[in-house]
Amino acid sequence: MYNILIAKYGEIGVKGKNRYIFENKLIRNIKNMLKSVGEFNVYKEYGRIYIDVDDSNYETAIEEVRKVFGVVGVCPAIKREKDYELLKETALFLLKNKIEAGNKTFKIASKRGDKSFHLTSQEMSIDIGGYVLTGINAMEEEMYTSAKVDVKNPDVVITCEYRNEHILVYADSVSGFGGLPLGTNGKAMTLLSGGIDSPVASWLVAKRGVDIEAVHFHSYPFTNERSQEKVRELAKILSKYCGPIKLHMVNILDIQKAIAEKCNEEESTILSRRFMMRIAQEIGKKRYCDALITGESIGQVASQTMQGINCTNAVVEIPVFRPLIAMDKVDIIKTAEEIGTYETSIIPEADCCALFSPKKPVTKPRLERLEKSESKLDVEELVKSAIENSTMEVIEF
Ligand code: ATP
Ligand code: MG
């Protein structure tokens, strides 16, 4: 019954003169997202984005389109040639269908896209409402005749549009994630661990239209191949939303060994974090990233106290985005489940941080102390060597 999807977008509608750039990006991103499920015609008409579908593919298409950043909702609709009588008949057809699906009260909402049409939107609603009511009242089954109009709190709203180019009738809207089209807000380097938090943090920033590259730190052969595989899998899930992701793999075993050898055990986590930030920033700069992303959240673990965060932050000069900073773990998990990373994140694999992790980590590290500890290390050389030995791979869905 449905032959078209309407992709509704939010914020990009207010971008003034740049609006078409955002719309075109959005169309391209929708096309890309749909590639995995088939060939679709995606196009713009009078400030709307449409996707042609049929009964066989509209549900899978909705599932994909709703994942595109910038899309706030997707409506499966019936499109017919521009004819007001046909609009009324189609409204009745869809209403009957919705009553069969269990809806008991309804309302007709109308939009007059064609301003030359003799009825206003409100007059259209009254007229179409009368038509469909007569239609269902004339039917035999009680299911139809008992359906009632309820303008305040209807079970279903049948929207009827009389547009310049055609008519549209629809009732449902599947919500999207919102945000801004990918590729409209620069690029950031995300520190991607195998945990629950950093994939969510990466996704949240990407949702604002930011392209992302990722860096992962491991301690191979102390951490195994599988823990790297897990991160690849997480990057793959993210790439569904973000497009192909360049994943930099950095071995920090030598750094961890140097820290273990020369510094206080209780500072080891925070010191290795500082190295991660330095390395991420260096690789990020080379890759034209203007910010870093981490999954830190105030107070979540010993290294994420206010003082801990200040100390890791002190080694970088580009901005660090921490979208989870004020989020509770339960809410982070909820998002992880929604975007599909949770199941992979909870697979138990050794993380490089677990290695050499202190029994009693400092919770209120002091910058001067850390700097003093680091003065025993050749920080520059350790960073340089880790970057030289890093690898880059492209992860695609
Ligand atoms: P996550 O669930 O993201 O691993 P976490 O709660 O375990 O976070 P930490 O281990 O303190 O927190 O790490 C804080 C942040 O530092 C992570 O969210 C991530 O951005 C970064 N990070 C930690 N370990 C790694 C790693 N091995 N590779 C890349 N980034 C890392
Ligand atoms: Mg972690």
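Cβ from N, Cα, C; glycine included.
Predicted automatically and left uncurated, TrEMBL annotations should be read as such.
Mapped onto DSSP classes, the domain 'THUMP' (59-173) shows 45 helix, 31 strand, 39 coil. What TrEMBL records for 59-173 is domain 'THUMP'.
For the recorded site, Leu192 (ATP binding site), the DSSP three-state label reads coil. What TrEMBL lists as ATP binding site is Leu191, Leu192, His216, Phe217, Arg273, Gly295, Gln304.
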Out of these binding-site residues, Leu191, Leu192, Phe217, which one has the fewest other C-beta atoms within 10 Å of its own C-beta?
-> Leu191
Within 10 Å of the Cβ of Gly295 (ATP binding site), how many other Cβ atoms are there?
-> 25
According to DSSP, folded down to helix, strand and coil, what is Gln304 (ATP binding site)?
-> helix
